[in-house]
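Engineer: Could you have a look at this structure, given as structure tokens, before my questions?
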Amino acid sequence: MWVALGMLWLLALGGPHQAWGFCPSECSCSLRILSDGSKARTVVCSDPDLTLPPASIPPDTCKLRLERTAIRRVPGETFRPLSRLEQLWLPYNALSELSALMLRGLRRLRELRLPGNRLVTFPWAALRDTPQLQLLDLQANRLSTLPPEAAHFLENLTFLDLSNNQLMRLPEELLDVWAHLKTGPFLSGHHARLILGLQDNPWVCDCRLYDLVHLLDGWVSSNLIFIEARLRCASPRSLAGVAFSQLELRKCQSPELRPGVTSIISPLGSTVLLRCGATGIPGPEMSWRRANGRPLNGTVHQEVSSDGSSWTLLDLPVVSLFDSGDYICQAKNFLGASETLISLIVTEPQTSTGYSGIPGVLWARTGEGAEAAAYNNKLVARHVPHMPEHVALATKPSMPSIKEELALQNFQMDVPGEFSREPSEHQEAQMVRSLKVVGDTYHSVSLVWKAPQAGNTTAFSVLYAVFGHRDMRRMTVEPGKTSVTIEGLAPKTKYVACVCVRGLVPTKEQCVIFSTDEVVDAEGTQRLINMVVISVAAIIALPPTLLVCCGALRRRCHKCRTGGSAEASGAYVNLERLGHSEDSSEVLSRSSLSEGDRLLSARSSLDSQVLGVRGGRRINEYFC
């Protein structure tokens, strides 16, 4: 009986000890005696087939190493029974995620090493359960960002390795913690307060890296030591490989809009250009939208000025009443957004009499264009939006009648009051000259003009309408062109057409009146008239010409027979003497010229018979 009691006593003493010191089959365990006499157990598990942490790790384990295994995840509270654990090493596994409860109960943990895994994120809030943590090794993972709240859990660390990750930037809150170490006192004989590893990350060197670059610039504090201080840029491409010490970055700034016009009043059909500028670092993204939610009826252009300001332009080519309203310009970067409002008021077409010293003269603006036309004290121009366009060369002008010419004399373009032209605009308005009309068919006509002061980018507009009608159509001519063909005209109809620089009001000299039947028949009629005139002239001029030639030949023969000096005293005048005489005393009277001599003149009009005067001497030109 005493033997049985002894056996039970031994089992009672040895059972718990054997359970306390049990080592998992996949691991190796070792026990060492510390200086204070306590025991520290180390468990190392490196089985490549291990996919989860062992479930029966001895509770007295102080150091646990799970390395080079196939462990992909750690279930929550797996290590909670290990209340004496001080070092947890999980290097070079296949960990892709960690539970926020993984560190629950590890109040004594001082080292957490997780290098060489596949972690994209880290449960920073889990560090609340490890108040004595001093070393955190996260090198060679896939971390791309650090949240701002991570700074609250990293203040007590003395070693932090974030090298060889995918970090492009660091939060300002964390940089502020480290900047405090730079300015804090360092006590002699003490170790550095933080060893930091940030190398081998794809840093984006823009304004968001300003604080980190400034932190490394001229670093002399012994409170913080970098494992590798020569950090380098990975992007943008222009700065790839450049060391932080060689950068000159500017601090980030939120967008700030430039002051400008807040309200615009524009006539119907004119071209409106809304402009909005902003500054910011990085350069803000500019955009337009309407306050009422309607789509934009224009084109947006972006540009950057030499001082770094960003500009956006909204081009409204032909404004209508639907374009009236509030337009919002927004400038935005990662720091925030700024907006401004511009009001556009489109006025309806107006007509009024403007005298300017000339009674009965009327000015007008087109319904949807800046061009206008008025004649005979009537408003005749109103824009009709669409008209096909074709460019052709003109060859012959069409002259208006006397009545039409008088109508164009009263044709005046002007704008009253606040719309009066500046001198520069007046010069542009006079750019079109020598407008001519040529007809191709009964249904088309060509216009040509001269614009010597126009550039290659100057665009012209053509306004035309049936004579006396109010509806006027408009065509736009390509820049650099000085001719256009108007098609779709009615035969045997009188029209008025004006050409001017786009956006300006045409003058009366830039308008012409024509008729399609006159233009088409003019060429054939002119040819017939030319043929009749030439035939009649040949019949009338042939007998006198023969008579003159015979008389000249007879005088020449008579002179040869006489052999005298008749050529100086006769009625015949020597051509060389007349054309090259240097003596003013040899001036001949018109009465000394015979009718035959006059017929030999190269000019038959009255002005050709008058002796020209050049350089103080008279000159006559004659041709046989």
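Here the Cβ of each residue, glycine as well, is placed from N, Cα and C on the backbone.
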Engineer: According to the record in Swiss-Prot, which candidate from Cys205, Cys207, Cys329 pairs with Cys276 in a disulphide?
Structural biologist: Cys329
Engineer: Taking just the CA atoms, what is the gap between Asn456 (N-linked glycosylation site) and Cys276 (disulfide bond) in Å?
Structural biologist: 28
Engineer: With helix taken as DSSP H, G or I, strand as E or B and everything else coil, how many residues of the repeat 'LRR 3' (108-129) land in each class?
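Structural biologist: DSSP classes over the repeat 'LRR 3' (108-129) add up to 6 helix, 3 strand, 13 coil.
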Engineer: Fill in the CA-CA distance, Cys276 (disulfide bond) to Asn297 (N-linked glycosylation site), as an integer in Å.
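Structural biologist: With distance taken Cα to Cα, Asn297 (N-linked glycosylation site) is 17 Å from Cys276 (disulfide bond).
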Engineer: Fewest other Cβ atoms within 10 Å: which of the glycosylation sites Asn156, Asn297, Asn456 wins that one? Let me know.
Structural biologist: Asn456
Engineer: With H, G and I counted as helix, E and B as strand and the rest as coil, say where DSSP puts Asn456 (N-linked glycosylation site).
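Structural biologist: Going by the DSSP assignment, Asn456 (N-linked glycosylation site) belongs to neither helix nor strand, so it counts as coil.
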Engineer: For the repeat 'LRR 3' (108-129), what's the mean pLDDT in this predicted model?
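Structural biologist: Overall, the repeat 'LRR 3' (108-129) comes to a mean pLDDT of 96.
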Engineer: Using DSSP, would you call Cys276 (disulfide bond) helix, strand or coil?
Structural biologist: strand
